[in-house]
Amino acid sequence: MAESPEQFRGQSRLPRFAEPLRYDLVLRPDLAACTFSGSASAAVAVSSPTRFLVLNAAELAVDRSSIRFQDWAPTEVAQFEEDEILVLGFDRELPLGEGVLAMDFTGTLNDQMRGFYRSKYEYNGEARNMAVTQFEAADARRCFPCWDEPAFKAKFKITLEVPAELVALSNMPVVKETVCGPLKTVYYEESPLMSTYLVAIVVGLFDYIESSTLEGTKVRVYTQVGKTSQGKFALDVGVKSLDLFKDYFATPYPLPKLDMIAIPDFAAGAMENYGLVTYRESALLYDEQLSSASNKQQVAITVAHELAHQWFGNLVTMEWWTHLWLNEGFASWVSYLAVESIFPEWNNWTQFLDETTSGLRLDALAESHPIEVDVNHASEIDAIFDSISYDKGASVIRMLQSYLGAERFQKALASYIKKYAYSNAKTEDLWAVLEEETGEPVKDLMTTWTKQQGYPVIYAKLNGQDLELEQAQFLSDGSSGPGMWIVPMTACCGSYDLNKKFLLKGKTDTMHIKDFAASQSGQNFWIKLNIDQTGFYRVKYDDELAAGLENAIKAKKLSLMDMIGIVEDSYALSVACKQTLTSLLRLLNAYRHESDYTVLSHVTSVCLSVNKISTDANPDLSSDIKQLLIKLLLLAAKRVGWDPKDGESHLDVMLRSLLLIALVKLGHDETIKEGIRRFHIFLEDRKTPLLPPDNRKAAYLAVMRTVSTSNRTGYDVLLKIYKETSEAQEKSRILGSLSSCPDKDIVVEALNLMLTDEVRNQDAFYVLGGISLEGREAAWAWLKDNWDHVVKTWPSSSLISDFVNSTVSPFTSEEKAAEVSEFFATRVKPSFERALKQSLERVRISARWIDSIKSEPSLAQTVQQLLLQEF
């Protein structure tokens, strides 16, 4: 047996010779000094011969003299910070079976929004600190020494010593409280078996509202004092979601209570801690007067996503972070199922294609990664919380459900939850249960989607009575990767009643369409593959098939999902230079009479991307292209106008905001002038019906289009509104507008604002996401100048990646890519390495696309033709 603590360094996982069964944890946060002290004792089962105990600890000062296992003090104590482990060596072999490990420790309430941290808030005008935990993925070890891996499930008994006037919450209900002078001790019920990353504690001043599920589970929403009315909407969605999931998973909600709480400083959107779900304020609070329709939707989806995790993630937990996608992809998918059921009028499954689109866009990069990623070190985990785990994950689950059928799929999921409740599972375990329940080759099929990166484009070619199909890996740089998939194909011909389902297993296949298409002829003939976009792939039709679909779009023969799929595939194929920008513009023109929000949200996003690329590719033609894009959106924009109509649908409210913002970004004078006019009325009367919350972003962007260093009132006024409002959603609207100014000095001023106390670190990405095309160079220069400060202030992978992505991706030349690479050559860190590579790849893809656009012979002529067309 090796005799040194050194042997445990550099391992990706903790050794399995000892496992925790139960933790008894006492924590004493000091909110004034921003420190905490604690003591932990863990019942540990020693299962094979060892004289060491190895667990995780990071940024904690462990009191070595306090450490005991049973009655023995360790003879060696080594804390390896880079491995985040604590190794205890004893002078004898530990007896097999159960023993108790105890120790005391102290730590800092940090301001990095991870581990045990402080968040700032105001109460009666004075600044206060609250103490909050955020442990996923590997940060419980920053609060107490523990076996900080998802597979080491244990029971937790928590006790907190806190100031008597504060609210102190944890995963479980309070058993008793004792008050002693200014402090109280709060004892919580012991939890069921759970992973460390789901333990949660919040201490601060809060109000709450409550309700209960049909089963009688108490549900509460906690907010800052005075904001409970903004928690009602989330509370209602929460209660309905719990009732729905209980039936869907055929398993009761596992805990005695559920609290949801809004935290002012919060790195992610929300965190599904067992029984105590934490949210950033904008993801939980909804105010009829101040929130927009899209805020409302975001709150509903986020709440449903986090509550789905109470079963899928918390009750059944992934065995290791490689299987993170199971947690996130599944919760994303099922949150749409819940919201569709609660708000059928939102057309939620059609909006799900937003997720699929972002998954497809990221996964077309050579620098993407498979859904299942080998994770060898805790520091690598954060970087896989991306669009692949969430959006591609959710999309391949939708594809599988659609292939197996909703009922079979639900039954199998309920079996899976029952089989693995209170334990851990791997991706293969889910496939095995689904295969057993349905008799379908689920494992072979799904392995091609989770273990290799990317996805196919299916080339479809008409040859007489045959439809010839061929698959190849799709990449945005136009190259073709080696991947091969088992593809669940669906096809319909001329009508949704005539459809076929089959698996494409090889490189090519042929579909006989003679009987299938007999009734279809001439003008009305069309074939659509991937019905309703349930498959995670793209389709490239030959000219004849593409023309048929274009006619079907004009004739309103296609479902909303299929109309979205066609425009997204066409855009992606243009970027990859597999079809021309000319043909993309012709296709977009077929959507000019469209009035549905879900379709137009994709059409406008494609229009804005085309506008950006044409500005760089073809400056002479770009103003004509702008006019054409404006003309495409104007019919729908005129229909909804600026003023809300009585009894209009939720989706029309969203459409108004979408189109006004797009027209402002495209430089439509009339919309910009009207936005500014209404903004001035709003300044005189903040409650004016002339500028409801949904239209404010468009007005703010309009104001910023006209701001410059010599005419800066608009910027100053917006900043004043920002400082005066306490609403997170309004603050984010303004932050996303300030940097959209065409004047580069103002862009730099907006970026500098992020370095002040005016902007919470969690909100930096709003400013970054809004940077104008004209401000690109200035933003890049700013990032270089402030790099050391930025890395120190925003250390977490998701936050620092936002900086890299937002400043680098908008560029479109090989020279710029080289300059960026050179700057980062000596500065790159694992936390943002993938984001940097992806951003540089995007720059090179744009450069290649620009070269291709420049050589399109009939682009100018087509733009003129389309501009002259009568609408």
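Each Cβ is built from the backbone N, Cα and C atoms, and glycine gets one as well.
These features come from TrEMBL:
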DOMAIN    20-198  domain 'Aminopeptidase N-like N-terminal'
DOMAIN    233-449  domain 'Peptidase M1 membrane alanine aminopeptidase'
BINDING   HIS305, HIS309, GLU328  Zn(2+) binding site
ACT_SITE  GLU306  active site, proton acceptor
SITE      TYR390  site 'Transition state stabilizer'
DOMAIN    526-844  domain 'ERAP1-like C-terminal'
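Spatial neighbours are here defined as Cα atoms within 10 angstroms of one another, and by that definition TYR390 (site 'Transition state stabilizer') has no neighbours among the recorded positions HIS305, GLU306, HIS309. Sitting within 8 Å of the Cβ centre of HIS305, HIS309, GLU328, and not among those site residues for Zn(2+), are the Cβ atoms of GLU272, GLU306, ALA308, PHE312, GLY313, ASN327, PHE330, ALA331, SER332, SER335, TYR390. Around the Cβ of the residue listed as 'active site, proton acceptor', the same chain contributes MET260, ALA270, MET271, GLU272, VAL277, TYR279, ALA331, each under 8 angstroms and 6 or more positions distant in sequence. For GLU328 (Zn(2+) binding site), the same-chain residues 6+ apart in sequence whose C-beta sits under 8 angstroms from its C-beta are PHE385, SER389, TYR390, GLY393, ALA394. Cβ neighbour count for TYR390 (site 'Transition state stabilizer'): 22 (other Cβ atoms within 10 Å of its Cβ, all protein chains included).
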